[in-house]
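Asks: Okay, handing you the structure first.
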Amino acid sequence: MKHVTLPLLVALLLSIHPSTFADQSDVQQTLPDVIQQQDWAAAERILPTVADIDQRQPDGMSALHWAVRWGNAQWVRRLLEAGAQIDAANEYEITPLAIACSSGDAEITGILLDRGADPNTTVAGGETVLMLASRTGEVQTVNALIAKDADVNEKQQHGQTALMWAAAEGHVAVVDALLKAGADIDKQLRSGFNAWFFAAREGHSGVISRLLAAGVDVNDVMNPQSTSGRAPRRGMSALMLAVESGHFELALQLVDAGADPNDQRSGYAPLHAISWVRRPARGDNEEGDPPPRVDGEISSLEFVRQMVQRGADVNLRLEKGKHAKAKLNPRGATPFLFAAFTSDLPLMKTLKELGADIHQGNVDGCTPMLAAAGVGVFVADEYPGSETEVLAAVRQLHQWGVSLDVVDEHGETAVHGAAYRSFAQVVDLLVELGCEPEFWHRKNELGSTPRQIAQGKRPGSFKPNQATIAAIDRALNAAGIEHENWVRPADRKSWDDSPKPPKK
C-alpha cells in the first residue's frame with residue numbers, strides 16, 4: 001500500500017464537491033434503512049437514485065415493509081407505484097400485508113389488497129393474515145380481507161382459526177363479522193378448545209353472549225384427545241372454565257343462560273372447584289399453578305352464595321373418583337369436605353351458613369375433620385393450608401361438634417392426617433381435644449402408624465419430621481404406650497410390610 005502524505009490527503013478532501021458532504025449519510029444508507037428510521041426527507045432524496053426498489057436489509061425487510069410498519073399510507077402508495085413487490089416476505093415469512101393486519105391498519109390493508117396482495121397470505125406456522133387481523137381486533141381490517149375472499153375457516157398448523165383468535169381476545173365485532181362470513185362455530189382443537197371455550201376461559205362475556213345468540217349450547221362440553229399435563233379434563237363446560245379461571249360474573253351469566261350449577265361431568269362441580277381456585281396446591285406440577293386473577297366485583301365467597309341462590313346444591317356429592325395411596329378420594333366428597341381439606345375456614349363458615357352438612361365424608365369415610373387434619377395429603381408442604389390454618393380449622397370443627405374419633409375405610413385417623421402434614425402442633429391439639437392414643441395408635445391400610453408416617457414410611461414424602469415424631473412420642477408416653485422403633489430400610493421397596501389394599 002502506497003504511503004499518502006497529509007498534504008495530499010487534505011488536497012483530496014478539498015477536491016470533493018460540498019454537496020457530497022451534505023448527502024454523505026444518504027449515500028451510506030439504503031432506502032429501507034432511512035424508512036426504518038422514519039427519515040422521510042432522506043427517503044425523498046434517495047428514492048430517485050434507487051436502482052432496486054426491493055432492496056433488502058439482512059433480515060429481508062424492504063422499504064415497503066417499513067413504510068407499512070410505520071403506517072405511512074402515502075409512502076406505501078409511492079413505493080407500490082415505483083414497482084415494489086407487494087407480497088415479498090422477509091426472512092421470517094412476514095409480508096407487508098401481514099404487518100398491516102397485525103397493526104390493525106385498515107387503510108393500508110385496503111391499499112395492499114386493492115393493489116393485488118394475497119388475502120390468504122400466511123406467515124410461519126400457517127397463520128393467515130385474517131387470523132392476525134382477528135387477533136388484533138380491527139373489524140374494518142377483517143372486513144377488508146373478507147371482501148377479498150379471505151378463507152374464514154383456514155387453520156394454522158395447530159388447527160386454530162380466525163374465529164378462535166377473535167373469541168380468545170374478546171373482539172365481539174370481529175366475531176360477529178366472521179360468523180356472518182360463515183366461520184365454523186363448532187370447530188374444536190385436539191385440546192378440546194373452540195371459540196366458545198376460549199371465550200369462557202378468558203372471561204369475555206360479550207363474546208359469550210354473541211356465541212349464545214349464534215346457537216351455541218350453554219352446556220356443551222370439551223372432549224380433549226389428551227388430558228395429560230395442563231390439558232383440560234374431559235367434560236369441562238364453559239361454566240367450569242369460567243369458575244376455575246376466576247371469572248365469577250361470567251359464571252353467573254352462564255348459569256342465568258341455562259348452565260347447570262351442579263354440573264359435574266368434568267369430575268367436579270363449581271362449588272367443589274372454588275376450593276382450589278381460592279387455595280391451589282403448592283407443587284411444581286399443573287396443580288401448583290398460582291390462583292387465577294379474579295375479575296369483576298364479585299368475590300369468591302359471594303359467588304358461592306349467589307350460586308346456591310341459583311340452585312347449586314351445597315351438599316352435592318361427587319360421582320366420580322377413586323382411592324389412590326394416601327390421596328383424598330373425590331368420590332362422594334362435598335364442597336365442605338374440600339374446603340376442610342384446604343383448611344379454608346372462611347369458605348367452611350360460608351358453606352355451613354348456607355346449609356352444608358359438616359359431618360358428611362366421602363365414600364371412604366374420610367370426614368371433614370380427617371381431611372382438615374391432613375388425611376389425603378400426599379406430599380407434605382405441597383398442599384394448601386399452613387399449620388396455623390389447620391389448627392384453626394380443626395378447632396372450629398371440634399367446636400361445631402364434628403367427631404375426632406373416626407377411622408376411615410383405609411385405617412386413617414386424624415392423627416394419621418397430622419403426621420401426613422408433618423404438623424406437630426396439630427398432633428398436640430388433637431390430643432388436647434381428646435383424641436386418645438389408644439384410638440389412633442394403629443396401622444393404616446398401608447401398614448403405617450402415625451409415628452411411622454412421621455418417620456417417612458409413607459407414599460409421597462419420605463423425609464422424617466422430628467418435631468412430629470416428638471409430639472406423637474409425648475402422647476404415647478403420657479398414655480403409657482411403648483412406641484415402635486421403625487428403622488428405615490435401605491431398599492424403599494421393602495418399607496411396606498402390609499398387604500396391598502383391596503381394589504375398589
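Using N, Cα and C of the backbone, Cβ positions are placed for all residues, glycine too.
Model, not experiment: these values are computed from the prediction.
Look at TrEMBL and you will find 59-91, 92-124, 125-157, 158-190, 234-266, 331-363, 410-442 tagged as repeat 'ANK'. Taken from TrEMBL, the feature signal peptide applies to 1-22.
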Asks: DSSP on the repeat 'ANK' (125-157): how many residues come out helix, how many strand, how many coil?
Replies: 19 helix, 1 strand, 13 coil
Asks: So what's near the repeat 'ANK' (92-124) in sequence-distant terms, Cβ-Cβ under 8 Å and 6+ beyond its ends?
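Replies: Residues packing against the repeat 'ANK' (92-124) from afar: 59-60, 62, 64-65, 68-69, 71, 73, 76-77, 80, 86, 130, 132-133, 136-138, 140-141, 144-145, 147-151, 154, 156.
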Asks: Could you give the number of helix, strand and coil residues in the repeat 'ANK' (331-363) as assigned by DSSP?
Replies: 16 helix, 0 strand, 17 coil
